[in-house]
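J.: Feature list, courtesy of Swiss-Prot:
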type: SIGNAL; residues: 1-41; note: signal peptide
type: DISULFID; residues: Cys43-Cys196; note: disulfide bond
type: BINDING; residues: His98, His100, Glu104, His147; note: Zn(2+) binding site
type: CARBOHYD; residues: Asn136; note: N-linked glycosylation site
type: MOTIF; residues: 201-204; note: motif 'Prevents secretion from ER'
Amino acid sequence: MVRRRPATGAAPRPHLAAVGRGLLLASVLAAAASSLPVAESSCPRDNSLVRDISRMQQRNYGREGFSHITVTGALAHGTKEVEVWLQTFGPGQRTPIHRHSCEEVFIVLKGKGTLLLGSSSLKYPGQPQEVPVFQNTTFSIPVNDPHQVWNSNEHEDLQVLVIISRPPVKIFIYDDWSMPHTAAKLKFPYFWDEDCLPAPKDEL
């Protein structure tokens with residue numbers, strides 16, 4: 001009796017259309033952002049083991065009712081994996097609608113507000129989810145999901161501690177929730193990194 005060997009041909013690969021469009025788009029966006037060049041910092045680094053936050057530079061970058069402190073960061077302190085910000089939003093203030101290819105975690109230190117979270121699985125963010133946030137809560141932003149943090153409280157400040165991965169941050173900004181992901185505008189270096197990181201030169 002002759003035994004036949006089973007066929008050894010490779011199993012058929014699933015068609016590309018079977019791959020989730022959202023996953024494909026997210027991977028393309030992440031690859032595009034991660035391929036951007038990063039220049040060396042031109043700022044002196046503070047390598048102190050202990051630093052007094054009350055003595056750190058606090059700026060609003062032209063946004064009334066907003067303040068930002070880089071508590072520890074890639075350009076000013078030489079961190080490689082994470083960066084930490086302390087941000088305060090006055091009543092009614094909000095971030096731009098934006099996305100980035102890094103992980104981001106918020107800890108609400110005081111006040112209350114609203115997280116608006118869009119989708120990266122469509123061609124544009126779409127109608128955002130509105131999620132209430134308040135003191136002693138924490139929330140995380142999925143990589144490349146468009147979002148906005150808004151102090152929707154009319155009577156008190158919203159203060160948050162923000163932790164991001166893969167600094168310095170590369171941010172894509174949307175005009176509104178219906179703007180296609182491919183039309184979002186890159187802002188790099190971001191405002192608080194401009195003093196330490198010059199904008200990339202146009203090589204053309």
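Placement of Cβ uses the backbone N, Cα and C atoms for every residue, glycine included.
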J.: Please report the Cα separation of the residue listed as 'N-linked glycosylation site' and Glu104 (Zn(2+) binding site) in Å, rounded to an integer.
T.: 17
J.: For the recorded Zn(2+) site formed by His98, His100, Glu104, His147, name the remaining residues of the chain with Cβ within 8 Å of the site's Cβ center, in chain order.
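T.: Counting only non-site residues, the set is Thr95, Arg99, Cys102, Ile141, Asp145, Pro146, Ile171.
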J.: What whole-number Å value do you get for the CA-CA distance of His147 (Zn(2+) binding site) and Cys196 (disulfide bond)?
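T.: A Cα-Cα distance of 26 Å.
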J.: Reduced to three states, what secondary structure does DSSP give Cys196 (disulfide bond)?
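T.: Note: Cys196 (disulfide bond) is coil by DSSP, not helix or strand.
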J.: Starting from each candidate's C-beta and looking 10 angstroms out, tell me which of the disulfide-bonded residues Cys43, Cys196 has the most other C-beta atoms.
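T.: Within the set of disulfide-bonded residues, the most crowded position is Cys196.
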J.: Could you state the CA-to-CA distance between Glu104 (Zn(2+) binding site) and Cys196 (disulfide bond) to the nearest Å?
T.: 22
J.: Is it possible to get the count of other C-beta atoms within 10 angstroms of the C-beta of His147 (Zn(2+) binding site)?
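T.: If we count other Cβ atoms within 10 Å of His147 (Zn(2+) binding site), we arrive at 23.
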J.: Over the motif 'Prevents secretion from ER' (201-204), work out the mean pLDDT and round it to an integer.
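T.: Here the mean pLDDT over the motif 'Prevents secretion from ER' (201-204) amounts to 53.
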J.: Here the binding-site residues are His98, His100; which one has the lowest number of other Cβ atoms no more than 10 Å from its Cβ?
T.: His98
J.: For the C-alpha pair, I'd like the distance in angstrom between Cys43 (disulfide bond) and His100 (Zn(2+) binding site), rounded off.
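T.: Per the Cα atoms, Cys43 (disulfide bond) and His100 (Zn(2+) binding site) stand 24 Å apart.
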J.: Measure from the Cβ of Glu104 (Zn(2+) binding site) and count the other Cβ atoms within 10 Å, all protein chains considered.
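T.: Result for Glu104 (Zn(2+) binding site): 19 other Cβ atoms within 10 Å.
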J.: Whole-number Å distance between the CA of His98 (Zn(2+) binding site) and the CA of Cys196 (disulfide bond)?
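T.: Cα-Cα distance, His98 (Zn(2+) binding site) to Cys196 (disulfide bond): 22 Å.
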